[in-house]
């Protein structure tokens, strides 16, 4: 068989060697550690993960040895059936990460190793699937890890539960309420560096989706005497040290505080201000951030810290006796700070601290206090201020956690998960009223545990007729009755002493106890003890034999602490406080209430009874915490201490009940309702009795006789694996049913949707057919009318406009315009135009002219300046030569060039001679002499003022435009032209005969430059020119086959030019 290995997030390797024999290997820091729960050798080393699997389950030694083995291997969790036993390791084991949470989420209880997260997930799934309120009860001695377990549970729910619709604010507040309550309610004791000095029960509300949507906290009996007194090696509440160590300098200056705790009387009595395991500075940052998360405003934080600082200043108030031995305040500076921080009148506070107000026969009298009484009043005020502030703080947190959607349907379907973190059983060298109340609370919780697990389970078996061998256990009801019994209990006797007239003292209370309960087996005093016991019992002490062991209590302070007396004038002073928190803590209605308030013990007893009712209304889960040693050292296993805790927690009795009993029981109706889908005969409904239906169901599931029993109203299943197998089958069945339901629903949904679409389609079709029919009829009617009007108009089309032909004429006009719009000319050369009807001829002509003008305007707007100049020159050429000179048509498609000679082709001497005159145009020409007509190469330059004829580097002739009288050219295709100058100009030798290959271009540019457009003469036959003073020359032009220029015999210049017939 192949070996399969699986590595899980905790570092364990699961080797599957047999389908029913899982084998685990865990990798530890000290090498490879094998934990094979099914192998004998591994079990000998790490023990079993469920005490139910112990072979010698009745042996206390075997039980403790199993704890030792697992503790040695850092396996701090072990089951007793569904009960989790946790041993405090006093160090971080790295087993609470997100990976661990995911490993335990949604997994059956016994499919994974024991863990607090397994209990958390089981409780959460029961809350969601069965819709029943749940409670996790965490119990154990002080320092056993109860508070840490509560925090881990909250962390698990915050990380793994779905987020509510309105975000994760509730989850954050649930988590952040812990550091705030710990700061104000926890302190270092001899046994625990973070001991809860109050009891806490938290309800977390979940909506139907399983998301946390709200919460509520109940607090019980804050140990307010710790504010003014601490035993040696203990500290006051954390908040005082955190504020001094972590507060900003400005904050401390405003509060009048200094960082040294030794400066405050209330912080030095335990002589333990600094603790290496506590970082007050970092804890302060956590608390400060948490206050913001739970909706504290900056003003509220400032008011709260003012109250905390006022308690420290109260402790530093000192008194001195005057001549009459009455107390007087001697620390004015502290009083000044108190007055400002508490926002009260200084004189009123001074008087309240040194006097007591007494009302006698309707009159108010002030009685001065001696030094002892003034110190008592000061400490009473400090305790009252702090304890009431703590109560206000819990209320503030509850308002922050309250669900905001109480009217929504999802809120009405919420379920509640309760977390109980109560102070553990305490036995100190000096035990007082607070330890008495705390241990009484633990007795009540132990009694509830017995009721819900041991006693109720055995009674249930008997009531259901299940064969059962009774398990003997110690029922601590006798101790609870000793404390709380009406008229005869310790609390009743204490209240009676506190309320009776006369001089009642702690010793008279002890004497009355001795008289009333002297025969009780769990009560002992010095007077009632034998000679040997009296050595360990003082005269002012009594001893109770609790379920957890013997505890000796000193009666000193019992009456004062139970009365919780605060002088009336101190109450009046605090009621006048302008501090918003103080004004809520001290209500003025207290002053007018004549009824004596209930004592502290009675209030605590009533609140415990209420707590027990709350827990009894929920489905409980148990975490039993064990402290391995008193020194808080990791790895140390104190067998004597652990044996004591195992005994008083009743773990062995719980194990024996679990081994002899059944793991699961449920009423027939509920069981059938949950699992009926697994059997075809019971699904979907069962018509007979529920008991018969369950019998059919378990037979179908294949339960063996030893796996279950049928009671009178319930079915009992012995083994968890049987229930897990049933749950697995149900999960598979649910998937199948869900698929069928989804298919049926989808079919129904889409069928309904199809029918709706079909009805809509029929309606739309009907409406559309009617609309089309009406449109068609209207169209036909309109067409008939239109045809009738057109025919009538056509008949009268030549008549003047009248109602009969107006429609036809308008139609004709419209048709013509629409047709014209489609057939408009595309350019100015396009002369096409649709033939208009007779009535539109005038309008058509106007439109044609507008169209042409528009096209011309668009064309002109689109051309560049260079092209515009080109067109202008071409237009001038056309005006001069079109139809008059044979070679003009050949020049039309050729663009005129700005110049035919570059500046590099013109001599620099010529340019220098011209000076600043720019050359507008230059072209090479041939000049003919005036006498012999000899041709000579020249350059013709046009400037803004003259025509310049250049020979190489010499200006031969300059003709100003003013002296240019005209230009002559023949009508043939030759390229000769004559520039005529004034005869009176002595500077000129006569007219100039020139020849240019670009004669049209040259003459056009010359005419434009000289402004002689109208001075160009196009001659036919001959041109006469001035050849010099008193002498004329003639040029004869005759058509021929080719161009020929010669001097004729008659002395004329004969030019033969071919006719191109292009004109």
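Even glycines carry a Cβ here, placed using N, Cα and C.
Swiss-Prot tags one of the stretches 539-561, 562-584, 585-607, 608-630 as region 'Actin-binding', and that stretch is 608-630.
What Swiss-Prot records as phosphoserine, among 408, 907, is residue 408. Comparing 383, 758, 858 with the features listed in Swiss-Prot, the residue bearing the annotation N6-methyllysine is 383.
In the predicted model, residues of the domain 'IQ 2' (758-786) average a pLDDT of 94. Recorded residues residue 146 (ATP binding site) and residue 383 (N6-methyllysine) have their alpha carbons 26 Å apart, per Cα-Cα distance. Packing against the domain 'IQ 1' (734-757) from elsewhere in the chain are residues 677: each is 6 or more residues past its ends and has a CB under 8 Å from a CB in it.
According to its DSSP assignment, residue 195 (ATP binding site) is in a strand. Under 8 Å, Cβ to Cβ, and six or more positions away along its own chain, residue 88 (ATP binding site) finds 76, 143, 144, 145, 148, 625, 626, 627, 628. Residue 140 (ATP binding site) falls within a strand segment according to DSSP. The two recorded residues residue 195 (ATP binding site) and residue 486 (N6-acetyllysine) have their Cα atoms spaced 32 Å from each other. Helix, strand and coil counts under DSSP for the domain 'IQ 2' (758-786) come to 29 helix, 0 strand, 0 coil.
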